[in-house]
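Reading through the C-alpha cells given below for one structure.
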Amino acid sequence: MEEIKMDRIEDAIADFKEGKFVIVVDDEDRENEGDLIIAAEKITPEKVNFMLKHARGVLCAPITVSRCKELDLPHQVSDNTSVLGTPFTVTIDKLEGCSTGVSASDRAATIQALADPASTPATFGRPGHINPLYAQEKGVLRRAGHTEATIDMARLAGLYPAGALMEIMSDDGTMARLPELRAMADEHGLKLISIHDLIAYRLKQESIVEKGVEVNMPTEHGMFRLIPFRQKSNGLEHMAIFKGTWNEDEPILVRVHSSCATGDILGSHRCDCGEQLHKAMEMIEKEGKGVVVYLNQEGRGIGLMEKMKAYKLQEDGMDTVDANLCLGHLADERDYGVGAQILRELGVHKMKLLTNNPVKRVGLEAYGLEIVENVPVETVPNPYNERYLRTKKERMGHTLHFNK
C-alpha cells in the first residue's frame, strides 16, 4: 500500500496563521479520523458553510480551560462516560446580532466571540448550536486529540487560543480515512498533518523536563542507575531507574509507573501497584537492561488527598471508576507526555512495554514511541484488591486473569 504523504508542520502553521483550514489526523488506535480545523478569529460564514458542506461532522469550538472558566461554561455532563472523554461544555449561541443561532453567519459570530477578549458569560445564550470543548492546558503533550491540536496550532501561529473543528465524513456517511483525506486536501489546497507529527514538532521545539544528576542506585533487585527529572510546567519531580545500555533502534523493557505511596511504600493490599513495580524491576534485572519511569502521579493523577476520598467512597460501595467520577475526576487523569519525553531523553524509541493497561500503550504511542510488544505484569489478587482488579479489567480494559 502506498504511503500517504503528510505535510510539514511549519507549512501548516503558516497556512493556519493566514486563516486557511488544516486537516489533522490522529492515531489509528485512537479515533483514526481527520478533522477540519481553523482558528476561531479567522472563521467566517463562508468558512462555516465550507465545513458543513465538505466535512459534515459536528461543529465544535476548542478553547482553553481558563477561557471556559472566564465564560462560565461548565462541562456538559458531570459524569463523562464517552469512550475518549470528549470534553464538551454546555452548548452556546451568541446573543447579540444573531437570530436562531443555526445559520452559518450566526455560528461564525458565536465562534468569533469565543476569541474576543471582551466577551463575558452574558455574551452567550445557553443552550445553543455551538459545542465548545475544554482543551488540556499542555495541548497535545497532555492529550493527543484534535481539540488540543487546534489550540496548539493557534498558539504556534501566534493567534488567540481558540478554534473551530469538524470531523470529516465520506459521502456515504462513514468516517473519511487517510487516502480520502489526502485527496480532499489536494483538491482544496489544504495542508494535511498528523497529531503524531505535531507532538514530535513540539517535543523538538520545547523541553518540558529538566534533567538532574545521574547516580548509582543499589536496590534489592540489583544495581540500577537513577536520574531525577523536574517537570517545568508544575515543578513535579519524576525519576528514571534504569540499567544497561542500548541502541536507539533496540527495543528494551520499559515500565511507566505512576507513584502509589500506599502500595509502593506501605505495601498496601488495596492495589497491586507495589507488586507491579517490583516485578518490573526483577524483569529488567533479569534482562540486563531496561527502564522504569516513575511518575509523580499519585492516584492515577488525582493526588493523595483525593485518592483517600476515593478510597472512602469505595468503602461505602463504589468501585474505583465511579469513585473518581463522583469526585469530579476522570477515571484516569495521568499524563504520559512527560514520561515520553523522559524516555526520549534516555534514548529510548522502541520498547517492550511492561503493562496491563491498553490506555498506557495508546498514550505512549501517541508521542512517537514504538511499542513492539506488550508484556503483562501479572499479580495474584488478594481479598482486599480483587474487586479493584476486576473493575480495572471490566471497566478499564486491563489485561488481567483470575482463577475461577
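Count begins at 1; order follows the chain as displayed.
Every residue gets a Cβ built from N, Cα and C, even glycine.
When other Cβ atoms within 10 Å of the Cβ of His146 (D-ribulose 5-phosphate binding site) are tallied across all protein chains shown, the result is 28. Feature annotation from Swiss-Prot assigns D-ribulose 5-phosphate binding site to Arg30, Glu31, Asp35, Arg143, Ala144, Gly145, His146, Thr147, Glu167.
Secondary structure from DSSP puts His146 (D-ribulose 5-phosphate binding site) in a helix. Per Swiss-Prot, the feature Mg(2+) 2 binding site maps to Glu31, His146.
Under the heading region 'GTP cyclohydrolase II', Swiss-Prot lists 205-404.
Within the same chain, residues at least 6 positions away in sequence whose Cβ sits under 8 Å from that of Thr355 (GTP binding site) are Arg255, Val256, Arg361, Asn374, Val375, Pro376, Val377. According to Swiss-Prot, the GTP binding site annotation covers Arg255, Val256, His257, Ser258, Ser259, Gln276, Glu298, Gly299, Arg300, Thr320, Thr355, Lys360, on the basis of sequence analysis.
Sequence-distant neighbours of Cys273 (Zn(2+) binding site): residues of the same chain at least 6 apart with a C-beta under 8 Å from its C-beta are His257, Ser258, Cys260, Thr262, Gly263, Asp264. Sequence annotations record features per position, and here Swiss-Prot assigns Zn(2+) binding site to Cys260, Cys271, Cys273.
The active site, proton acceptor feature in Swiss-Prot is assigned to Asp332. Sequence-distant neighbours of Asp332 (active site, proton acceptor) (same chain, 6+ residues apart, CB-CB distance under 8 A): Arg300, Gly301, Asn324, Val359, Met396.
Taken from Swiss-Prot, the feature active site, nucleophile applies to Arg334, supported by sequence analysis. Secondary structure at Arg334 (active site, nucleophile), as computed by DSSP, is coil. Its own atom aside, the Cβ of Arg334 (active site, nucleophile) has 20 Cβ atoms within 10 angstroms in the protein chains shown.
Listed binding-site residues near Arg334 (active site, nucleophile): none (candidates Asp35, Ala144, His146, Glu167, Ser259, Cys271; Cα-Cα distance within 10 Å).
Using a 10 Å Cβ-Cβ cutoff, His257 (GTP binding site) registers 24 neighbours. When each of the binding-site residues Asp35, Glu167, Cys260, Arg300 is scored by how many other Cβ atoms sit within 10 Å of its Cβ, Glu167 comes out lowest. Apart from the site residues Cys260, Cys271, Cys273, the chain places the Cβ of Thr262, Gly263, Asp264, Ser268, Arg270, Asp272, Gly274, Gln276 no farther than 8 Å from the centroid of the site's Cβ atoms, the recorded Zn(2+) location.
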